[in-house]
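Beneath this line is the structure, given in structure tokens, with notes to follow.
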Amino acid sequence: MTGFPSELLDTEHEQVVFCHDQESGLKSIIALHSTALGPALGGTRFYPYASTADAVADVLNLSRGMTYKNALAGLDLGGGKAVIVGDPTAIKTEALLRAYGRFVESLNGRYYTACDVGTFSEDMDHIARESSFVTGRTVAHGGAGDSSVLTAYGTFQGMRAAAEATWGEPTLAGRTVGIAGVGKVGRHLVRHLIEDGATVVVTDVWAPAVERVRDEFPQVTAVESTEALVASELDVYAPCALGGAITDTVVQQLSAKIVCGAANNQLAHPGIEKQLADRGILYAPDYCVNSGGVIQVADELEGFSFERAQHRASGIFETTRRVFELARDDGVPPAIAADRLAERRIREVGRLRGLYLNR
């Protein structure tokens, strides 16, 4: 099939939609990995990809991750994701967002969108002017607002479970935690850790993000780069920026006993999970611990209650525990155990549904 993106020939995805609106300049891809558990839910990433191939690879990977994240979180939702290609600071307009909203609407409820890298609740309000299938809207428009609050809370719960598995107590008190990326999620995570009695070291490619954290928490230490953070003496390493943070080199350099962060797709390639295990580093699977945000936006579909969503997100502690227990019982890395738990739910519940159609 000449000219067809090779990534799509071997994909397990149900549907991939290329969206182009010439007048607004919109170039977008929406990928639905699985709707076995219900309509696909996943955010819209606005990013200046170097090529269409890079955008395709990212949206396929991210949408697959959402299937597993939503399943492990116990949601009756499938996995999807979307990307808008371009620099949001240069090309994001109301017209472009509304054009994108019309494409979301054209899927007739098979895909619900939300915020991701480069998009915010205010953007969701624009998209919602054209589509009914939008979550993560501003509070003023009946939405849940910033989902990074519960993403950080859930990541902290997962980190507590990892601390319990490693040191016997579900607390980070007296431990040193290094956070790479202190934007929306990382900044909230800092607060939880400080309140728990941890020592926190941070870095971010955007200096104002670090300055904001240090203004709020003067006791936080900052280092100049992710490389410097990885080389620091840490008990926990928390990648909270873009994916692919855990590389072969990082695994060999880490002094931390735990890797637990909010970033998606942290493992740079298959096999990294085994390298971590071989070095005695406990990895808390990213899509397990960072599911607080998707729990929050999913709660919007029922009429948002922060208290209810936070209660559900607190369950990430117990879910992470279950992952570690299965990993020990089966003799596999936690990343494999998390996949098995998610796949079990997709099989057991998904077979009752099959392909989701909004009827």
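Just so it is clear, glycine is given a Cβ too, placed from its N, Cα and C backbone atoms.
Remember, predicted model here, so these are calculated numbers, not experimental data.
Marked as active site, proton donor/acceptor by TrEMBL: K81. Under 8 Å, Cβ to Cβ, and six or more positions away along its own chain, K81 (active site, proton donor/acceptor) finds I30, A31, H33, G42, G43, T44, R45, V59, L62, S63, G65, M66, D116.
Applying an 8 A CB threshold to same-chain residues 6+ apart, the list for V182 (NAD(+) binding site) reads V190, V202, T203, D204, A209, V210, R212, V213, C240. Per TrEMBL, NAD(+) binding site is recorded for G181, V182, G183, K184, V185, G186.
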Among G181, G183, G186 [binding-site residues], residue with fewest other Cβ within 10 Å:
G183
Enumerate same-chain residues with a sequence separation of six or more from V185 (NAD(+) binding site) and a Cβ-Cβ distance below 8 A; give 'none' if the list is empty.
S148, T151, A152, T155, C240, A262, N290, G293
Determine which residues of this chain, when G181, V182, G183, K184, V185, G186 are set aside, have a Cβ within 8 Å of the centroid of the NAD(+) site's Cβ atoms, and list them as they appear in the sequence.
S148, I179, R187, H188, L189, D204, A209, C240, A241, A262
Taking only same-chain residues 6+ apart in sequence, whose CB is under 8 Å from that of K184 (NAD(+) binding site), what do you get?
D146, S148, T151
